[in-house]
Number of protein chains: 2
Amino acid sequence: MINQLITKIKETGAPIVVGLDPMLKFVPEHITKRAYAELGETLEGAGEAVWQYNKTIVDNIYDVVPAVKPQIAMYEQFGIPGLAAFKKTVDYCKQKGLVVIGDIKRGDIGSTSEAYAVGHLGKVTVGSKSYYGFDEDFATVNPYLGSDGVKPFIKVCKEEKKGLFILVKTSNPSSGEFQDRLVKAQAAVDGQDVSQGDALDRPLYEIVGEQVARWGEEHMGDSYSYIGAVVGATYPEMGKILRKIMPKNYILVPGYGAQGGKGKDLVHFFNEDGLGAIVNSSRGIIAAYQQEKYAFFGPEHFGEASREAVLDMRKDIADALNSR
Amino acid sequence: MINQLITKIKETGAPIVVGLDPMLKFVPEHITKRAYAELGETLEGAGEAVWQYNKTIVDNIYDVVPAVKPQIAMYEQFGIPGLAAFKKTVDYCKQKGLVVIGDIKRGDIGSTSEAYAVGHLGKVTVGSKSYYGFDEDFATVNPYLGSDGVKPFIKVCKEEKKGLFILVKTSNPSSGEFQDRLVKAQAAVDGQDVSQGDALDRPLYEIVGEQVARWGEEHMGDSYSYIGAVVGATYPEMGKILRKIMPKNYILVPGYGAQGGKGKDLVHFFNEDGLGAIVNSSRGIIAAYQQEKYAFFGPEHFGEASREAVLDMRKDIADALNSR
């Protein structure tokens, strides 16, 4: 799947993933109105509105981006009907040829991570049959529980030719609270000679990054690993270091646009081959029609606004990469 | 809700939560057979089997334990029909008077954590109406993203009088890989005098525990905070330290039984008042009939085996607490 993702990135010239994170305040009134008329102001109505909204966006962007990243929380908030809209969205995107990254940030002890892995990337066995639950192509994973929380995901990815993006340094303002903590060099902990001293102490995200790099090397596609990492666009200096620590891991970069990241912040996330990173934008694309710049499209033509925003983002990134 | 949980712990004399983590291999054949006959060997059939299995267990234990903890992954693996069984289980347990801890281990950037919080503990707005999505009483939360990933959960708990258990030190074998990393003392990082030296360096789980303690103090029920912590029974020495760091936080202790924790390992998780901890057992209770000790009940009477296992666990913990 990582090979397929890279092929599609090359074809579209867009190292871009569109975050399908549909808050109801983004959904144009003509869509909510129709959904509520049919199903009422209910969880079912909300699910239908979100699905119709997604469908129009996907119809307008599927040929210019390689991938989408639905954030499952935005669906889960509407309970079962919301998750049904998530599943519908995943299926539709795959049908349109898009690579689907399930932004689920799951992670648990071994046997539990196995259940998540099976449910989102693999097949679950029921009696003599087996079924895909949600069937995304990639999933994001939280590493706080350590290797035995991550390995069941890797195992399923290997079997199913799918992939992961493991959280290393997230894009949010307080991500440093634990992720940036300076970890004592293992040599010092072990009581070895540490004459090089503090040079060996490193922030936790680098330690996690090194582990992701090791997993990456063991699980390679053609040129990159199918085990990737998440590193926020909002921390470009850290991105630069992590790029070097994880040369073979694709980096999923959230935080572009609405969260503050710009094209020029992104160049260090890419390798010399122009590959190695895929940049996410969510509300900057899906709610483009609500921005002054794209307001002339009007709410009725929100899908076209999203397409225009993708093309602008593609240019912003290409310009930044060309002038580095 | 923390007050209600403590009242129920006192009433039942059981600081126990039963993990409703129904793997299909635990479900007796007469239940799967009936479910598959009705709905086929499908995801729907699996959901039905899991629900019927849970219902019988709950019917046999609801008067002797204060709480249950369904692990959402075990349902999510069956896609939408599995999650429908999760919701049915949550609703039924609440109807039987049990406190429901949703073991969801969610955690994301601010706006996304807000959606999870709303979906699992609070109400989501749809037009002029609002609805509970999953409506658990407590949820487990992953802190890797820092404060702004946790605060939206706390906000909803405050509004809804619900609660959290935040992962501090998990029960799995590799939990130390990142959680035990020795973090350099902040004073040293800031370049202050650190004549006390390494005494100030502490493992990451203590740093997280201190943050959980601060959140706890700010969000109190009558005697304990509604912001709790997860600390694995498999690490009793760390539990002893964390108990002191977080005196007002309830500690949810997984890892008893199948994962290796025993009654005597648990005493240090409790405060002098005999409160402050609630111990989880999952397969040790729900699949008790598969153990040699309870095999005489037979698969047909698996619910009674679960009840017996609860009573034995209650005694094991009480004996350990009485002899400390």
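Cβ from N, Cα, C; glycine included.
Copied from TrEMBL, the annotated features are:
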- A:LYS105: active site, proton donor (ACT_SITE)
- A:15-296: domain 'Orotidine 5'-phosphate decarboxylase' (DOMAIN)
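Taking Cβ-Cβ distances under 8 Å and a sequence gap of 6 or more within the same chain, the neighbours of A:LYS105 (active site, proton donor) are A:THR140, A:VAL141, A:ASN142, A:LEU167. In the three-state DSSP classification, A:LYS105 (active site, proton donor) falls within a strand.
Note on the domain 'Orotidine 5'-phosphate decarboxylase' (A:15-296): its mean pLDDT in the predicted model is 94.
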